[in-house]
């Protein structure tokens, strides 16, 4: 028995002692992303849709309010899940939106609700506005044609007429993209 214990002790001595990780070292390595500057975190969050970006607020207190200052918002039609979008936009604090992408593929949202999302983007002086409407009859509100901040506009409609009831005043517009059979006499006269 003593011989067996002696051999076991020799094997233990030959093994290199393991370095124990301190709790502090583990925390620093595990929370590397949260230690990044806000600008980088905003850039990372800009690649996700807006609803997913808001979900990051539960990660830690550091992430709680990051989504509120994103300059790029992407609203993808989640159907009934997107009903909380109005609450999300109410809590949004950034004074300016660089890009706003709105994709609506179902009829779950009312026209006034969609109008309010577009009005929200315009009230934040959006510069890049992209909208996709599929399987839906939608007429843009008059205020849509009166934005002085839009520099890039992309609209995708499926077999819909886009006939403004007012004069189009997009003073800053530099790029206009109309896709999927957009029918508009006013826009055709521009080309």
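In case you wondered, yes, glycine gets a Cβ from its N, Cα and C as well.
Per TrEMBL, the feature compositional bias 'Basic residues' maps to 7-24.
Residue counts of the domain 'F-box' (30-77) by helix, strand and coil are 25 helix, 5 strand, 18 coil (DSSP-based). For 30-77, the entry in TrEMBL reads domain 'F-box'.
Residues annotated as region 'Disordered' in TrEMBL: 1-28.
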Segment-level pLDDT (mean, integer) for the domain 'F-box' (30-77):
81
